[in-house]
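For reference, TrEMBL has these:
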| type | residues | note |
| --- | --- | --- |
| DOMAIN | 1-109 | domain 'NTR' |
| DISULFID | Cys111-Cys159 | disulfide bond |
| DISULFID | Cys116-Cys121 | disulfide bond |
| DISULFID | Cys129-Cys151 | disulfide bond |
Amino acid sequence: VIRAKAVSAKEVDSGNDIYGNPIKRIQYEIKQIKMFKGPDQDIEFIYTAPSTAVCGRLLDTGGKKEYLIAGKSEGNGKMHITLCDLVSTWDSLTPTQKKSLNQRYQMGCECKISRCLSIPCLVSSSDECLWTDWAMEKNNVDGRQAKHYACIKRSDGSCAWYRGMAPPKQEFLDIEDP
């Protein structure tokens, strides 16, 4: 997971398909601004398919737009992204999302976020946060919970949604019910 700018793009060969035809990829040269999660070296290149029709992710080049990118790292300075990976412009993130990248999201790594596709929904264990944006906000995957909440593990081992700009206070971590 990185914050980066794409500075240039070029089409490159990425091996051959099962019929011997070349597989084309777009290689973005990027300027990494910050690594939130990943290898111990900077990401220099991001690869994607050449069009959205084959799950490629198109980035604005020129180094003006900043992105938050979550993809698959090869650990050698290369990353791959598809339409299924999170790629958002930095300016489109809420202050809570930006703050949570440094602090809160890592507090929920042991928690499970379960999707609620239609009401009613129930959690099946205490280490679960129920994500209801889709059901409550007309099939919206980028709703109130996604923008303003973080699922974090509390001191009693349970998980709950936390909203706020400051790190959770001890009282929140010690309570029994979310």
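Every residue, even glycine, has its Cβ placed from backbone N, Cα and C.
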- Message: Within the domain 'NTR' (1-109), count helix residues (DSSP H, G, I), strand residues (E, B) and coil residues, in that order.
- Response: 18 helix, 47 strand, 44 coil
- Between Cys121 (disulfide bond) and Cys159 (disulfide bond), the C-alpha gap once rounded to whole angstrom: 16
